Amino acid sequence: MSGAALGLEIVFVFFLALFLLHRYGDFKKQHRLVIIGTLLAWYLCFLIVFILPLDVSTTIYNRCKHAAANSSPPENSNITGLYATANPVPSQHPCFKPWSYIPDGIMPIFWRVVYWTSQFLTWILLPFMQSYARSGGFSITGKIKTALIENNAIYYGTYLLIFGAFLIYVAVNPHLHLEWNQLQTIGIAAANTWGLFLLVLLLGYGLVEIPRSYWNGAKRGYLLMKTYFKAAKLMTEKADAEENLEDAMEEVRKVNESIKYNHPLRKCVDTILKKCPTEYQEKMGRNMDDYEDFDEKHNIYPSEKSLVKLHKQVIYSVQRHRRTQVQWQILLEQAFYLEDVAKNETSATRQFVHTFQSPEPENRFIQYFYNPTFEWYWECLLRPWFYKILAVVLSIFSVIVVWSECTFFSTTPVLSLFAVFIQLAEKTYNYIYIEIACFLSIFFLSICVYSTVFRIRVFNYYYLASHHQTDAYSLLFSGMLFCRLTPPLCLNFLGLTHMDSSISHKNTQPTAYTSIMGSMKVLSFIADGFYIYYPMLVVILCIATYFSLGTRCLNLLGFQQFMGDDDMTSDLVNEGKELIRKEKRKRQRQEEGENRRREWKERYGHNREDSTRNRNIHTDPKESNFSDVNTNRSAFRYTRATNRTERDRIELLQDAEPLDFNAETFTDDPLESESGRYQPGGRYLSMSRSDIFNDV
């Protein structure tokens, strides 16, 4: 099993990252470089989380071997004093390789490749790709110029500022000599400082909000009211998105009409038109007149810079409009389902009944076991209790994390609960327990941080939306955040478990992950100050999140948030309830119409097919006259054709020779008009003019 666990986890994590990216991104519409860059960023970050427990178990095994080698007395010596028992290894638990043991020399290379690749992505490549994707330029050179100069100055400037401050600190200290390893350590410290600063903010929110969300998820009334609230807000956003799209399309229409086919900027206009929705493209194509040349002297045309700005506006407006439309449909399904759950809670038959017929699952196994009875027991009886139990378990984990963050610097006695659990397992060399405990701890910390990243929303510029509705800008931004947050997150976890020698102050073998971080003694105020005392702020952030101070502040600033004791929340809930009721009635009318059409087709469909077949074989004289009146505009009553060839010949003649109503066609002589004879104009006439439409 040497290295097999590492290979299996590498493959598993890849498919996990691919699955999540498929849920939020759109492989068909988004650029391949965006998909590859985001996938690589997510994949590397998830690798650090999943592989770190294997590094911990391998390090503990190596420490065991080192302790066993040091505890054995030298040969030809009778010394059996303190040296022989300085680091005793329990005889009942000898050193043995863990099932996931990774050979020496692999993990340092692995961590070095993963870490520096992720740092290159988050600080150089992804910001550039992010600005490139949002740029409205029409050429590669223009997009690169916009990405480098206009958008990434803040990112690069912030990083250079932090790195320069650390560099100045090292330079002014005469006892420190700058070498390549020290410069490398300064760069790592600068990146980890930036990441840890944001990590504590996100962690303090997630430690409280995740358990509370599951606890509130057990409340049916709470979820339904919050869904109504979301519906009212989303309808406002949806209307705003439609208005912005209309404004953008109006600007495109004006530009399309002013810039003709032979204008130098016509290619730019065509590029903008390709980004517009199909219905707008067809409308603008019908109203376009390219036969008129442009006159540079008498007309004022937009500049290329204004077209770049319009192109960027169109990309953003179309993406936002499409996203709000899909989110509205998803929210309607959620609201309808929660209303069904509320109705079925009092059902005496204990059979879950849906208001609207849901599509049958493709998997027959799920269809067989997840029947209406099982669905009723799960939704109305078991799920609330399951969510409450899960909320209690997650709350206990949150308390353990907060306590350990405030006490992990204490080594005598050991107060960090994570360190206590790992050290107890280390004494018995229970590698399975060590890996499970490490994985669950890192996984919980990652969920608290990553879920906050998926939930936060920055003025519609950064927003991760499921069901393939996340734009390229938000995907790349999430990859940047993951690459900046994961390394300090794992370093913080190693500090909580005292696996980091800079925290435990023990001369023991470090993990391969901490070895690539270098010695933080170059920046003592970072290693002994910021890394230890700044995580304690998580207590203040948890208290603020528990009392919803951030939500109340946003509500006061005009950003409506869901608060049960607020009048604005009640108004939005009532508004959303009315919107859901209207949409529900609209869908019911649609289903009723479809059912009536289906019943009509099932009842009269065969009779209509038979009658149509009979009419094809035996044409009704009245229908023939009516067809002749509409087609030939004449009053000739012809007899029924006796064979198919004659009928086809007559129909071809009728279609090939359209009739004209003029004075020459008809004659004033009533005898000639009633005789039905062939006129020189080649038209057949029948009865008098007053009797033309008698058959009709």
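Cβ from N, Cα, C; glycine included.
TrEMBL: automatically predicted annotations, no manual curation.
According to TrEMBL, the features are:
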- 6-21: transmembrane segment (TRANSMEM)
- 33-52: transmembrane segment (TRANSMEM)
- 109-132: transmembrane segment (TRANSMEM)
- 153-172: transmembrane segment (TRANSMEM)
- 184-208: transmembrane segment (TRANSMEM)
- 231-258: coiled coil (COILED)
- 385-402: transmembrane segment (TRANSMEM)
- 432-453: transmembrane segment (TRANSMEM)
- 473-496: transmembrane segment (TRANSMEM)
- 530-549: transmembrane segment (TRANSMEM)
- 582-629: region 'Disordered' (REGION)
- 589-625: compositional bias 'Basic and acidic residues' (COMPBIAS)
- 665-696: region 'Disordered' (REGION)
- 687-696: compositional bias 'Polar residues' (COMPBIAS)
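Mean model confidence for the coiled coil (231-258) is a pLDDT of 91. With respect to Cβ pairs under 8 Å, the transmembrane segment (473-496) is most closely packed against 33-52, considering the stretches 6-21, 33-52, 109-132, 385-402. Away from its own ends, the coiled coil (231-258) comes close to residues 269, 272-273, 276-277, 280, 284, 287-288, 299, 301-302, 307, 310, 313-314, 317-318, 320-321, 323-325, 327-328, 331-332, 335, 460, 560, 572-573, 575-576, 579-580 of its chain (Cβ-Cβ under 8 Å, at least six residues beyond either end). Here the transmembrane segment (432-453) has Cβ contacts under 8 Å with residues 49-50, 52-54, 56-57, 60, 98-100, 199, 202-203, 205-207, 209-210, 394, 397-398, 401, 418, 421-422, 425-426, 464, 478, 481-482, 485-486, 489-490, 492-493, 496-497 of the same chain, all six or more residues outside its ends. Beyond the transmembrane segment (33-52), the same-chain residues lying 6 or more positions past its ends with a Cβ under 8 Å from any Cβ of the stretch are 6, 9-10, 12-14, 16-18, 20-21, 25, 27, 110, 114-115, 117-118, 121-122, 125-126, 129, 133, 438-439, 442-443, 446, 472, 475-476, 478-480, 482-483, 485-487, 490, 493-494, 513.
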